[in-house]
C-alpha cells in the first residue's frame with residue numbers, strides 16, 4: 001500500500017553510505033582493468049594516468065564533501081545543488097538526465113550479469129542478450145525492486161554485505177600478484193618504447209588510458225544522492241572521501257601489479273575479465289573461477305546500489321515540485337514506491353529492446369554514461385558561485401578560499417571529462433535532455449500557479465537546449481556526425 005508521508009531521515013550512517021559509494025563505482029569493469037589499462041599503454045603511462053585522474057576526481061569528491069557540510073539543507077545534492085545554483089529548469093534537466101542515465105546503466109548491469117553467468121552456464125547467456133538472459137535479467141529487475149521496497153536501510157545493509165564479498169576476491173588478486181611480483185619484469189619497457197611493441201608517445205598512451213580511468217569513478221556521487229537519508233550531514237562527505245580513496249588504491253594496484261608478472265604485450269592479449277586470465281596464468285583454474293565469481297557478485301551489488309540511487313532522484317525532485325507529485329509517493333517502509341515501479345518498468349522495457357538490438361544498446365550505454373557529467377559540472381560551479389557570494393557561512397568548517405579553489409579545479413576537470421566524452425555523444429545527450437522539456441512544463445503548470453517557472457531566463461535555457469537538440473538531429477540525419 002502506498003502512503004504519502006514524509007520520508008524517514010537519518011537511517012544511513014557512514015558505513016552504509018561508504019558502501020553505496022564503493023558499490024556504485026566498483027562494477028563489473030574493475031575485473032577487466034589489467035587488460036583495459038595495458039591495451040595501449042605502458043606501466044609508466046598508467047601511473048601518470050591514475051595520478052592525473054586521481055587528482056581531478058579528488059576535487060570532484062571534495063566538492064561534494066564541501067557542499068554537504070556547507071549546505072546540509074540541500075538533500076539529494078547532485079540534483080538540488082543544480083537547482084539552487086542555476087534555477088528550476090537546470091535542476092530538472094540534471095535530475096532528468098541523471099535518471100535516464102541510471103535507467104540505461106542498470107539495464108547494462110543486467111546484460112553484464114547475464115554475460116558473466118555464461119562462464120558457468122555456456123552458451124545460454126552468451127552476450128547477455130539471449131532469450132534466457134532477457135528472461136532472467138527481467139526477473140532480477142523486479143527482485144531488486146522488491147528488495148528496495150522492503151526498506152532503504154535493509155537494502156543498504158545488503159549492499160554493504162555485497163561490497164565485502166566483492167572486495168574479497170579483489171584483495172586476493174592483489175595479494176597473489178604482489179607475491180609473484182618481480183621488479184625486473186615490471187621495469188622492462190617501462191615507457192612502451194621497445195621497437196617490437198612500440199606504443200607511441202606518452203601523450204597518446206595517456207589519452208587512451210585516461211578514457212578508461214574517467215569512467216572508473218562514475219558513482220562517486222552515491223552518498224550525495226542519498227544525503228536526505230543520512231544520519232549526519234558529515235557522514236556524506238566522509239563516505240565520499242573514504243569511497244574515493246579506497247577505490248583509487250584498488251584501481252592502481254589492480255592495474256600495476258600484473259606488470260610484475262606479465263609484459264604489457266601479454267596483458268593486452270588477455271580476454272576479459274582479465275583478472276581471471278591473470279590468476280589462471282599465475283595459480284591455475286581456481287584463480288579463474290574465483291575472479292569470475294567475484295565479477296558476478298560485483299555486478300549484482302552495483303545493480304542493487306544503482307536501483308536505490310535511480311529511484312531516489314525522481315523521488316527527491318518530486319518533493320519540491322520539479323517532477324510530477326506522484327513520484328514522491330512512499331510505502332509504509334518509507335521507500336520511494338511509485339518512483340521504483342516506474343523506474344523498474346522503464347528498465348523492463350529497455351531490457352526487452354536489448355533482445356532485438358544489442359549493438360544499438362551498446363551505443364546508447366556510451367551516450368548515457370556522458371549524461372552524468374553535467375551534474376558534476378553544475379555541482380562544481382555551484383560551489384564556486386556559493387563561495388564567492390555573501391551566503392557562504394562564515395562559521396563553515398571549510399574556508400571560502402579553499403572552497404573556491406576546490407570548485408574551480410572541480411569545474412576544470414568536469415569540463416575535461418565532457419570533452420573526453422566526444423562531440424557526437426554530447427549532441428545525442430542534448431537530444432535526450434530536450435525530451436524532458438514537455439515534462440518540465442507539465443509539472444510546472446501543476447505546481448506553479450504564478451508561472452514563475454516560465455520566466456525569461458528559464459525560457460532562454462529551454463530554447464537554447466531545444467535548438468542544440470534540433471541541430472544535433474539535423475547533423476545526424478545528414479550524416480555529418482556519426483555515433
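Cβ atoms here come from the backbone N, Cα and C positions, even for glycine.
Transmembrane segment is the annotation Swiss-Prot gives to one range among 183-205, 367-389, and that range is 367-389.
When each of 9-31, 130-152, 209-228 is scored by its Cβ pairs under 8 Å to the transmembrane segment (241-263), the top-ranked stretch turns out to be 9-31. Note on the transmembrane segment (338-357): residues 2, 99, 103-104, 106-107, 110-111, 128-129, 131, 134, 137-138, 141-142, 144-145, 148-149, 307, 310-312, 314-315, 318, 326-329 of its chain, located 6 or more positions outside it, place their CB under 8 angstroms from a CB of the stretch. For the transmembrane segment (9-31), the most Cβ-contacting stretch among 46-68, 159-181, 209-228, 367-389, 462-479 is 209-228 (pairs under 8 Å). Here the listed stretches are 88-110, 295-317, 367-389, 462-479, and the one with the most C-beta pairs under 8 angstroms to the transmembrane segment (46-68) is 367-389.
Tertiary neighbourhood of the transmembrane segment (88-110): same-chain residues 27-28, 78-80, 82, 128, 137, 140-141, 299-300, 302-303, 306-307, 309-310, 313-314, 316-317, 322-323, 343, 346-347, 350-351, 354, 361, 364-365, 368-369, 371-372, 374-375, 378, 429, 432-433, 436, 439-440, 443-444, 453, 458, 461-462, 465, selected by CB-CB distance under 8 Å and a gap of 6+ residues from either end. As a quick check, the transmembrane segment (130-152) and the transmembrane segment (295-317) clear the bar of 3 or more Cβ pairs under 8 A, pairs 6 or more apart, so the two touch.
It is 415-435 that, among the stretches 159-181, 209-228, 415-435, forms the most Cβ pairs under 8 Å with the transmembrane segment (462-479). Remote same-chain partners of the transmembrane segment (295-317), defined as residues 6 or more beyond its termini with a Cβ less than 8 Å from a stretch Cβ, comprise 7, 19-20, 23-24, 26-28, 30-31, 75-76, 78-80, 91-92, 95, 98-99, 102-103, 105-106, 109-110, 112-113, 116-117, 140, 144-145, 147-148, 152, 155-156, 158-159, 162-163, 165-166, 169, 219, 222, 225-226, 228, 273, 275-276, 323, 327-328, 335-336, 339-340, 342-344.
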